[in-house]
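J.: I'd like to ask some things about the structure below.
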Amino acid sequence: MLQNVTPHKLPGEGNAGLLGLGPEAAAPGKRIRKPSLLYEGFESPTMASVPALQLAPANPPPPEVSNPKKPGRVTNQLQYLHKVVMKALWKHQFAWPFRQPVDAVKLGLPDYHKIIKQPMDMGTIKRRLENNYYWAASECMQDFNTMFTNCYIYNKPTDDIVLMAQTLEKIFLQKVASMPQEEQELVVTIPKNSHKKGAKLAALQGSITSAHQVPAVSSVSHTALYTPPPEIPTTVLNIPHPSVISSPLLKSLHSAGPPLLAVSAAPPAQPLAKKKGVKRKADTTTPTPTAILAPGSPASPPGSLEPKAARLPPMRRESGRPIKPPRKDLPDSQQQHQSSKKGKLSEQLKHCNGILKELLSKKHAAYAWPFYKPVDASALGLHDYHDIIKHPMDLSTVKRKMENRDYRDAQEFAADVRLMFSNCYKYNPPDHDVVAMARKLQDVFEFRYAKMPDEPLEPGPLPVSTALPPGLAKSSSESSSEESSSESSSEEEEEEDEEDEEEESESSDSEEERAHRLAELQEQLRAVHEQLAALSQGPISKPKRKREKKEKKKKRKAEKHRGRIGIDEDDKGPRAPRPLQPKKSKKAGGGGSNATTLSHPGFGTSAGSSNKLPKKAQKTAPPVLPTGYDSEEEEESRPMSYDEKRQLSLDINKLPGEKLGRVVHIIQAREPSLRDSNPEEIEIDFETLKPSTLRELERYVLSCLRKKPRKPYTIRKPVGKTKEELALEKKRELEKRLQDVSGQLNSTKKPPKKASEKTESSAQQVAVSRLSASSSSSDSSSSSSSSSSSDTSDSDSG
């Protein structure tokens, strides 16, 4: 009896899953235990029902992978889908359930084909690509879309298979974002042995379909193509695979479902541009294939893409490979021209280039992909996009501008990147997923941009610090003297040329060169005499208006904008006294640096005043010694003018290091806000100090400088208020040059020494009169002007 039962039992073993039998019966390959005689009657009805079950409907035929009647072709986009997209998905660890059609019979899913009317899997798509089944890339993308959608329709959202499908779909969308924008047909010549290869491929593809099959593997899209309510059987709840995807990812992928319905309404007449919908923030918030291709859009007719194929350059027919448009001859020459035009990136732009590479890297691709390419508003049906966004921007444009060296500095680069993000925020609602992606990417950008290295800057004006050592103050004042007036610089160049030529003449023994050199120097001497005579006669006839000018200048100082001060300076008097200071520095050695500070009004304050002071230009300097006042209190409370503050800052820098401690003590004693500051390094802003503090500083500085043997205030005198004084100083400067030229004449040749001695003695007399004139009042200065002019006439006659 037992022997008769066993053969009848075995045929039903393969259908145990469908019958709902116990796990022992369902397990394939398990030995059937011998039933006892007790249950003989129980098993006999089962035997009778086996033939009926064998009549159950089998799986429907798989989707076709080739159709001779349906024209297919090879395009650049289809080739990209085959070689790049399919290759990446096929090798993924979650791809195994999607590599072959769903075997509903084997998996015990009797309702699968009732719910899913159009099954699709990656194996079918792969074989269709290999057989050139598709006419356009949009058809292939529609098949991917169907596969993912089927999976979402049939299974519960919490099932592992759904999470696996979402992961694959995300990778699919990222890859499609980099697909060529314009679809072009590629002409492929079939080699002679293609039939053998095709047979091998068919055999290989046939073996793929016999692989292990898994339940409920379908397809992805948040907009369901089929509306029947999903009836989810409990048999699909647990899929034996270790990988589980986090729930935040699931939420992020599901969150943008409803808004994408609007995108899917894009006109289906542009299937090759549909892929761009995946790429852009304003168009598709979450990576969903609805943006790629509207569900239910008709397949592209065979002739729809013919014009684009006609644009291709002529192909070589003897090659079996798909030939791409020529990219060697023309781009090479262009690259050579571009490389010659491209300059070296600055340090900051190199950092920006690194930021750009990071934004385009795979590390951030999950939320950066919508920003890779420009928004294709027409393909995505965003008809108001360019009305709202006037200046579109994307990372590919930024990259192109960076490669073409269009960015002059890092600020221009940052402006374009921030424009891209602001466009996203402007066009999309705040709760849109693409806005969240933009914020995440912008965080990456701002974090990296904050680490921007500083460009090596030219040394600028130093802030005022009373703790600066005198040597540092000297160097800053000397740097300011280099920016003196054009007149003084030209005169200095003449003198330097003279000195250089003098050295050359000394080194040469030729008598002719010495004679020629002597003639040149005498010519220069004559020109200096003429200039001196003209200056000494000019300003004497003009009346004095010193007091009126002082009052006018005070009023104008309060009213004028800082930028107009330089104009007044040109109107009120010549820039003659400026050349005097460089001369003094040559003659006086170390003390000359203090005089140099005054050589250029705009920059002289850099060593001795606050950051505010250098912005103004000096008009005139007040009398150095404080004038008499009725009372000491009145003097202390009298506010200090800008020129006085500037002069005070210059004087402080002239003090030796041991005197600066007292300056700090005066400031800290009279200014409560600075009492806690570090005495080693204290910054003085003269605009914030009290008038009494400034007057006390002025008194102390004057007392220190008055003790010195050289008279420092004669240097400040040239910045006088009247044109007479300016002309006088110009004349003295010319006398000084005359003396220098005379010295050169002496060194050049011995015979004319008598004449040069005579000239030098007269110049020395002039120098004595200059010292006496500078220490006297304004009245005596005018008298010294006449005396110096008489000296000049003597020197001319000599």
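Positions of Cβ are set from backbone N, Cα and C atoms, glycine also.
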J.: Return the residue out of Asp103, Asp111, Asp121 that Swiss-Prot annotates for the same protein site as Tyr154, Asn155, Lys156, Asp159, Asp160.
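T.: Record source Swiss-Prot; matching candidate: Asp111.
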J.: Look through Ser44, Ser297 and state which residue has the annotation phosphoserine in Swiss-Prot.
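T.: Out of Ser44, Ser297, Swiss-Prot attaches the phosphoserine annotation to Ser297.
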J.: Out of 1-21, 211-231, 694-714, which range is noted as region 'Disordered' by Swiss-Prot?
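T.: That would be 1-21, the stretch labelled region 'Disordered' in Swiss-Prot.
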J.: Have a look at Ser510, Ser631, Ser747 and find the one that Swiss-Prot tags as phosphoserine.
T.: Ser631
J.: Between the candidate ranges 338-342, 553-557, 758-762, where does Swiss-Prot place the motif 'Nuclear localization signal' annotation?
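T.: Here Swiss-Prot associates motif 'Nuclear localization signal' with the stretch 553-557.
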J.: Given the ranges 53-72, 393-412, which one is assigned the annotation region 'Disordered' in Swiss-Prot?
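T.: That would be 53-72, the stretch labelled region 'Disordered' in Swiss-Prot.
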J.: Mind looking up the mean pLDDT for the motif 'Nuclear localization signal' (553-557) in the predicted model?
T.: 57
J.: Asp160 (protein binding site) has how many other Cβ neighbours within 10 Å of its own Cβ?
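T.: Within a 10 Å radius of the Cβ of Asp160 (protein binding site) lie 21 other Cβ atoms.
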J.: Taking DSSP three-state, what's Asp160 (protein binding site) in: helix, strand or coil?
T.: helix
J.: Within 10 Å of each Cβ, count the other Cβ atoms and name the one among the binding-site residues Asp111, Tyr154, Asn155, Lys156, Asp159 with the highest count.
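T.: Answer by Cβ density within 10 Å: Tyr154.
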J.: Let me make sure I understand the span of the protein site: among Asp111, Tyr154, Asn155, Lys156, Asp159, Asp160, what is the greatest distance between any two Cα atoms, in Å?
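T.: Taking every pair among Asp111, Tyr154, Asn155, Lys156, Asp159, Asp160, the longest Cα gap is 20 Å.
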